[in-house]
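Chemist: From Swiss-Prot, here are the annotated features:
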- 1-76: domain 'Ubiquitin-like 1' (DOMAIN)
- Lys6: ubiquitin cross-link (CROSSLNK)
- Lys11: ubiquitin cross-link (CROSSLNK)
- Lys27: ubiquitin cross-link (CROSSLNK)
- Lys29: ubiquitin cross-link (CROSSLNK)
- Lys33: ubiquitin cross-link (CROSSLNK)
- Lys48: ubiquitin cross-link (CROSSLNK)
- Lys63: ubiquitin cross-link (CROSSLNK)
- 77-152: domain 'Ubiquitin-like 2' (DOMAIN)
- 153-228: domain 'Ubiquitin-like 3' (DOMAIN)
- 229-304: domain 'Ubiquitin-like 4' (DOMAIN)
- 305-380: domain 'Ubiquitin-like 5' (DOMAIN)
Amino acid sequence: MQIFVKTLTGKTITLEVESSDTIDNVKSKIQDKEGIPPDQQRLIFAGKQLEDGRTLSDYNIQKESTLHLVLRLRGGMQIFVKTLTGKTITLEVESSDTIDNVKSKIQDKEGIPPDQQRLIFAGKQLEDGRTLSDYNIQKESTLHLVLRLRGGMQIFVKTLTGKTITLEVESSDTIDNVKSKIQDKEGIPPDQQRLIFAGKQLEDGRTLSDYNIQKESTLHLVLRLRGGMQIFVKTLTGKTITLEVESSDTIDNVKSKIQDKEGIPPDQQRLIFAGKQLEDGRTLSDYNIQKESTLHLVLRLRGGMQIFVKTLTGKTITLEVESSDTIDNVKSKIQDKEGIPPDQQRLIFAGKQLEDGRTLSDYNIQKESTLHLVLRLRGGI
């Protein structure tokens, strides 16, 4: 039968083989055709490196299957070069190769002149005269290739998810042009993009130079969701987080978005709007939270405390609370545990009825304090 062997240079060799041929036999046939010694050949099929003593049938290699031939350089190694388009190039190199040499190999493969190439490894741009070993680049390391456009420049666009996109632009490009480039890379229609630089939203007809956007500037991309809206979340440190949400999102959903951005577990988040703590199962529209509303994020520090609530029947409930919890919050926790609606609860501590908007610390309620719960019967006064 015939099989094909594809080399890293893209050349395809055709071989006549039997299913019972060993990988050794195949390497000998390649040596006969191409002059490459078997000990410098690695054959790959279906992502697996083939072992010399095994046969083609062991690997289920059938007629017209294609094997990939990778050269094992004496003292050499393979590295990968990833381009901005996501394409990965494989190169055969030596540790002693200079960055210049590597750029020449990329030119041989891709036709990109070395003076338009910038190579990045571990966040550093590599200098032409240095060697791979100078940068501790080892076998199967991945370099990133960025193109240096003549007369152009690179800028960065950071999305709300934290992803950074690199764009090749000219100072004379309009914001429209930039949005088109983002669409090419990310598939986001221009009419759903808002670009922010130095706190200003950029207008479509203006140019990068109008906004003094220079090389390696970072723009921020905010999505304009159809039917969605943006809200802001302000932390106690004064930092403001921007979130893309829907009115139908639950407070749970919002906390998950904050976790995605800031890494704070939902169970440590308390969200406050218009002076009220927001409950997980309710939606933004339940609280009349509209576009560009600002919520306040308070962290629930581990290191809360327990208090007890004693009912008239003599039952004692244990609650996990914070000193900063409002009486409202406490009543919600009692509802969660006992099913009693907050408007039917009266809480008494040290002979005083507790008011909903006040906090436990306002009443000097400390760990292991006992509150008394009295029910307000419907129709009662």
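First residue shown is number 1, and so on along the chain.
Every residue gets a Cβ built from N, Cα and C, even glycine.
The structure displayed is predicted, hence computed values, not measured ones.
Set these features in their place in the structure for me.
Modeler: In the domain 'Ubiquitin-like 1' (1-76), the DSSP tally of helix, strand and coil residues is 18 helix, 27 strand, 31 coil.
There are 14 other Cβ atoms within 10 Å of the Cβ belonging to Lys6 (ubiquitin cross-link).
Under 8 Å, Cβ to Cβ, and six or more positions away along its own chain, Lys11 (ubiquitin cross-link) finds no residue.
The Cβ neighbour count for Lys27 (ubiquitin cross-link), using a 10 Å radius over every protein chain in view, is 22.
Neighbour density for Lys29 (ubiquitin cross-link): within 10 A of its CB lie 18 other CB atoms from the protein chains shown.
The number of other Cβ atoms within 10 Å of the Cβ belonging to Lys33 (ubiquitin cross-link), over all protein chains shown, comes to 12.
All protein chains included, Lys48 (ubiquitin cross-link) registers 9 other Cβ atoms within 10 Å of its own Cβ.
Here Lys63 (ubiquitin cross-link) comes close to Met1, Gln2, Ile3: these same-chain residues lie at least six apart in sequence, with C-beta atoms under 8 angstroms from its C-beta.
For the domain 'Ubiquitin-like 4' (229-304), the DSSP-based tally of helix, strand and coil residues reads 18 helix, 28 strand, 30 coil.
Counting residues per DSSP class in helix, strand and coil order gives 18 helix, 28 strand, 30 coil for the domain 'Ubiquitin-like 5' (305-380).
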Chemist: What does the structure give for the C-alpha distance between Lys27 (ubiquitin cross-link) and Lys48 (ubiquitin cross-link)? Integer Å is fine.
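Modeler: Here the two Cα atoms lie 16 Å apart.
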Chemist: Let me know the model's mean pLDDT on the domain 'Ubiquitin-like 3' (153-228).
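Modeler: Averaged over the domain 'Ubiquitin-like 3' (153-228), per-residue pLDDT gives 83.
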Chemist: Expressed to the nearest Å, what is the distance separating Lys48 (ubiquitin cross-link) and Lys29 (ubiquitin cross-link) at their Cα atoms?
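Modeler: Here the two Cα atoms lie 20 Å apart.
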